[in-house]
Every structure is written in C-alpha cells, then in structure tokens.
Amino acid sequence: MNPAQKQIEELRAELTKHNYNYYVLDNPTISDYEFDMKLKELQQLEAKHPEYYDALSPTVRVGGMITKNFETVVHDYRMYSLDNSYSREELEEWEKRILRILGDVKVEFVCELKYDGASMSLTYENGELARAVTRGDGFQGDDVTNNVRTIRSVPLRLKGDYPEKFDIRGEIILPRDGFAKMNQERVEAGEDPYMNPRNTASGSLKLQDNSEVAKRPLDCLPYSIVGDNLNFSTQFEGLEKARDWGFKVPSVARLCQSTQEVMDFVNYWDVHRHELPYETDGVVVKVNSIAHQEELGYTAKAPRWAMAYKFKAEQVSTTLNSISYQVGRTGAITPVANLEPVLLAGTTVKRASLHNADQIGKLDIRVGDTVFVEKGGEIIPKIIRVDFTQRKPDSTPTSYVTHCPECDTELIRREGEAQHYCPNYYGCPPQITGRIQHFISRKAMDIEGLGGETVELLYKEGLIENYADLYLLKKEQIVPLERMAEKSAENLVAGVEKSKEIPFERVLYALGIRFVGETVAKKLARAYTSVEALKDATLEDLVTVDEIGVKIAESVVEFFRNENNVDIVERLRSYGVQMEIAPEKLQNQSDKLKGLTFVVSGVFETLSRNDLKKHIEDNGGKVASSISSKTSYVVAGDNMGPSKRDKAEKLNIPIISEHEFLEML
Ligand SMILES: NC(=O)c1ccc[n+]([C@@H]2O[C@H](COP(=O)([O-])OP(=O)(O)OC[C@H]3O[C@@H](n4cnc5c(N)ncnc54)[C@H](O)[C@@H]3O)[C@@H](O)[C@H]2O)c1
Ligand SMILES: [Zn+2]
C-alpha cells in the first residue's frame, strides 16, 4: 500500500475509534483539540488524494451512531455537524467562501455560544411534544422521548403562534452546579465521580429508567428550528420566536455586521464563559438570513452557512512543588502533583492527578519543574507537559515510591496492571476505613447517621477495626467523641440497626470483594441465594454463572479463603445482617426464563408493566426496551404500538399475551 493511503486509513481507523469512545461510551480518551487536529490532518490528506475517497470516512460522516437500545427514528430533516475553526484567519476565509457563492450582498451574522452537551431534535405537532430523538448518525437517531419529557425546560405544550409541525434542535446540557452536586452525592455514597458534564448529560439520555433521568438537573438549550412553512425569515427571529413559544433560549445571541464584531463576541466570551452556569466550547457563527442559508446549502457533513469557532482549552504554567501518593480503598496507589496554586478556567488549581508510574515516566516530570496544566471539561486538571527550557540543572529524575506512605509495606505491581498496590489488606489504615466507608455507602448498607469522616474518627479512637464492629457500637462510646452529641450518637446506632433489613444482594456488594460491583453481587446472590453456599463455591462452579468471568471468580474464592473475612462475615450474620435471600422472596423466583429476552409493550389487564418486568427478572429472564433479533418474545398488551408489531413480525419474533406469559411460569 502506498504510504499516503496507509496514513489515511490509519487516521480513519483511529478517529472512528475515538468517535465510538466519545459518542457511544461517553468516555473519550483524547482531548477535543487533539481530535480536531487529527481530523483536520485527515481532511488535508484526503483533499490531496481524492483517489482514496471513502463515503464512510469520519470527515464526511457525522461521528455519532444509534445505540439499538431505543427505537430508531429517521429524522425528517437531517442533523448535521459543524465545521470548526480556531483562528480569525480561518473565519475570514469562510466569509470569503460565502461571498463567492452569494455574490455581492450584505451578509449579517448571528453569534451564539456553542453549548457543550448532546444534540437533540424535538418534534412538535400541534403545539405538543411528539418525539425527542438523538442526533445518532445524522440520518437516524434513538427515540429518547420518555427521558427528555423529564427535563423541565423542555415544554410539553407550547404557547403563542407556533407552526403546526416543526423540529427544534437544541443541546441537552448539565449545568455546572447540578453536576457538582451530583458528584458530591456520588463521592459521599462511595462512588467514583463522573468525569465531566458533557459526557454525563449524554450518558443520562441513554438511561433505561426515566425516573433516574428525572433526578438529574438536565437542561435543554435550543438553537435552531427546521420545518416547512415557518413564520420567520432569519435565524435571529427564529430564536426570539422559540423563546415566545416557551423554550429556554439563552439570551447571549448577538447580531453582527462584520468579522470584527464577530471577533469581539468571540474574545469577550473566551474570557467570560467561565461565569456562565453551563459549559461552552466555542461560538457558533451563522448566516442570519434563511434565504441565504438555503442558497449556501450543506456539505456532506455540515452547513456551509455556519462555522464553529472553538475556544482552546485553557492552559497555564506553574511549578510542581511535590508529588504525594494516595492510597485507595483497594490499596491502589495514585500519585498526585501538588502545584503552586494558579488560576485556571475560573478556579484555583492546586493539585493534578499523575495517574501512575508510567505516566510520570512518560512526562519525565520532576519536582521543581515548570509544567503546563490544562482543564478541559474534566474536574481534575491534567498536566500536559513539562517546560524543559525551564528545568533546573540540579533536578533529579522522579523515583516512584517503593513503600506504602500510610503503613510502610512494600508495594506490589501485578502483571498487566498500571497501578501499584499496597498489599497490607488488614493493616493499612486508608484501606481499612475505605472498606468501612464503602460498606456504609448508599448503594450498599445505606447507613444513615454515619458518614465517611465519622468512620475515620471511630477508627482513630479504636472503636472499630472492620465493618462488623459497627454492630457492637454503643451510644455511650460515641457521645464523648469530638463533634458528637446525644442525638447524633442515637441516630448512628439506629442507622446501624436499621441496616439489618438490607437485602442479601446489597450486603454482598457491601462486603467490598474486589470486582464484585452491584450487578455482579445481584447475579451471585441469585445464583447462590446464601453466603454459606457462595463461600463453598469453587472456581469452576462460579464461572458457570451468567456473566461471571475468571477474574471475578478468583477474587471471590480468594476472599473466602481468608479466615479473617470468613470470621467477619460470620459475625455479621450473628448480629442479624441478611446473609441469604429471604425465603418468601425466593418462593417467587426461578430460572424458568433463563436465557430469554423479553420486550414488554402495551397496557395489561392483571399486571402492571413494572410487575410484569419484575416477574421476568425474578425468573431469570432479561427485559429489553426495543425489539431486535435478540428478542425471544414480545409480551403484548392492549394498544401495542403498530411499529413495534411490524418489527416483531418482520423479525419473526413470537408475540404473546400476558396470559400466555403467566402460563410460561
Ligand atoms: N475527544 C474525542 O475523542 C472526541 C471524539 C469525537 C468527537 N469529539 C468532539 O466532538 C466534535 C465533533 O462533534 P460534533 O460533530 O457534534 O460537532 P461539534 O460539536 O463540533 O458541532 C456540532 C454540534 O454543536 C452543537 N451546538 C451547540 N451549540 C450550538 C449552537 N448554538 N448552534 C448550533 N449547534 C450547536 C450541536 O449539537 C451540533 O450538533 C469534535 O470536533 C470533537 O471536538 C471528540
Ligand atoms: Zn499501606
């Protein structure tokens, strides 16, 4: 293969992978700037070598895709991406291109902010929200109407002189405050914080349970209207109309008569964007007249009448004062850079994560170095590189810690893992308190009246050494402690007592067995029904359980091989903690539907939809939200949607009634 072709194909493959990480997994591994630069490189190569044209290239296709977890809907009007620019020169070139097409006319521009979230198309019919669909691949997207209905700024009913039918496009975002609050709750519950508002907003739309979506403070910021017979003739008027109909259109949009005015808007917001309640990653400049827009049209991927001007992620340089090492609940060591405090993107930055030993080696970072720090959407800033021109002649390479900073045990690094670990499971303080903090967290034993700091205090005072000790705490022991009062001590003891009602599957999760998260704990609880049976399970036995792999199985066996753990579990049982699935619950459970996937549609006579779903899950079946070739049965009630019926028939999937379903049990 010729080198140019090879390079083109490698870039296409790499960008396709990043699109998948970004749009499907909501978990990008490179910055947007790096992504855009690679895309530009590909664009230039493809322009030089038109012989390698490919209609599937990331340069000619919108990067997203449908997920198949929702009903797929074809957009009446295609959804496009935007071309990007990073400089005034690029903007001026764009203006010239436009004038070449439009001829000698006066062109007005509208500047809007580029909200950083997930794009959404809302269809309104006769003033009512009919559908909400993600951008997907631009031609078709996921029907997420049920999730979007929970967003308060999406009007379900419009007011004023709205057109009979139209689509309005907007960005679904998570305001900074709401995001910070969600993360605070997660951290308190012992869960990892979300990475950034954009990915969290996008991930929220894909949740299957809309009551979960309703808890998230999402917002919808509209920016364009498409349809036939619209009653306005410019972009700016369209925004005003949408506001009158009840949409939350941000008021920062501005009409500009020249590139200078556009640049003034850009420069103003590059600085002041950190004062906004939500994140933005640039400005979108649009030709104002819709007649002009129609004349300009679209390329394969983006309108010719609009251009995004992207802000560069803000970078600052500062000094690395020291590196410290944190020990997590599992004993994992994380190196942290302690920086000379510096203002970045509206907040003072003092620390940055260095991830692991390899990262330190890759950056060749040393104490005393001047380093560049960047903050994208992430909460924790990143060190991009060292400014080697500023390196002091007497600096010495960083040598990674060899012993645990908390308990002085020699660290280990397992084959194939990036992190170092402190193996002192029972003697290392942050591991001990970390395990107890996990045990009491919301999704585990949910012990009210007890928080992470109190756990540390109780441990420091010698009152607890493991989570079983919590059940022996007496009010009289707690009251004398710092910041404790009669009432809070009572609450703590009552909270511990109440946790004895927590079902076995959550107790199993609370034990903190490595790799046994919530879902795995559920599977294990169902498969073994008691801790006694799980304890005796062999590796060969464990891996036969659905979705349990060797890694998890080994970890379970290792946990119960340790006498200390067995002892603690035995004590928990003796205090009354649930160590098996309650018999009455077991009665209604079976494996009868194992391996079968059901889609439930319509309204039912004897059961509610939720009960029906619970029956399916209790008997080992799976519930999916949309019909695919993997569906085993569709359980249909009254008013089953015709499109679902068509699809089931096309794929030859049996449609059964609720009575037929109950008979299966
Ligand atoms: N880091 C990664 O791995 C990775 C991977 C894929 C994509 N990306 C990022 O995503 C970008 C591509 O995504 P894209 O195709 O959605 O393009 P884009 O985000 O650059 O621009 C198009 C989108 O901007 C949004 N938008 C926000 N405010 C708007 C406004 N006022 N008017 C019009 N549209 C507005 C719309 O949802 C529209 O779909 C890349 O440039 C890159 O920065 C990053
Ligand atoms: Zn240690």
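Every residue number used here counts from 1 along the chain in the order it is shown.
The backbone N, Cα and C atoms fix where each Cβ goes, glycine too.
In the three-state DSSP assignment, the secondary structure recorded for Lys114 (active site, N6-AMP-lysine intermediate) is strand. Taking a C-beta cut-off of under 8 Å and a sequence gap of six or more, Lys114 (active site, N6-AMP-lysine intermediate) has these contacts in its own chain: Leu82, Thr280, Asp281, Gly282, Val283, Val284, Ala308, Lys310. The active site, N6-AMP-lysine intermediate annotation in TrEMBL covers Lys114.
The secondary structure of Arg135 (NAD(+) binding site), as reduced to three states from DSSP, is coil rather than helix or strand. Neighbour count (other Cβ atoms within 10 Å of the Cβ, all protein chains): 25 for Arg135 (NAD(+) binding site). Look at TrEMBL and you will find Asp32, Tyr33, Glu34, Phe35, Asp36, Ser81, Leu82, Glu112, Arg135, Glu171, Lys286, Lys310 tagged as NAD(+) binding site.
Marked as Zn(2+) binding site by TrEMBL: Cys404, Cys407, Cys422, Cys428. Around Cys404 (Zn(2+) binding site), the same-chain residues six or more apart in sequence whose CB sits under 8 Å from its CB are Val327, Ile333, Glu410, Leu411, Cys422, Asn424, Cys428, listed in sequence order.
The domain 'BRCT' annotation in TrEMBL covers 588-665.
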Helix-strand-coil residue split for the domain 'BRCT' (588-665), DSSP-based: 26 helix, 16 strand, 36 coil
Pairwise CA distance, Asp32 (NAD(+) binding site) versus Cys407 (Zn(2+) binding site), rounded so that it is a whole Å: 40
Distance-selected recorded positions near ligand 2 (C-beta under 6 Å), from Asp32, Lys114, Lys286: none
Local backbone state of Lys286 (NAD(+) binding site), from DSSP in three classes: strand
Secondary structure at Asp36 (NAD(+) binding site), reduced by DSSP to three states: helix
In sequence order, those binding-site residues of Asp36, Leu82, Cys404 whose CB lies under 6 Å from ligand 1: Asp36, Leu82
Near-site residues: Zn(2+), ref Cys404, Cys407, Cys422, Cys428, CB cutoff 8 A to centroid: Val327, Gly331, Pro405, Glu406, Asp408, Thr409, Pro423, Asn424, Gly427, Pro429, Pro430, Gln431
Per-residue Cβ crowding (10 Å cut-off), top of binding-site residues Asp32, Glu34, Asp36: Asp32
Length of the line joining the Cα atoms of Arg135 (NAD(+) binding site) and Cys407 (Zn(2+) binding site), in Å: 52
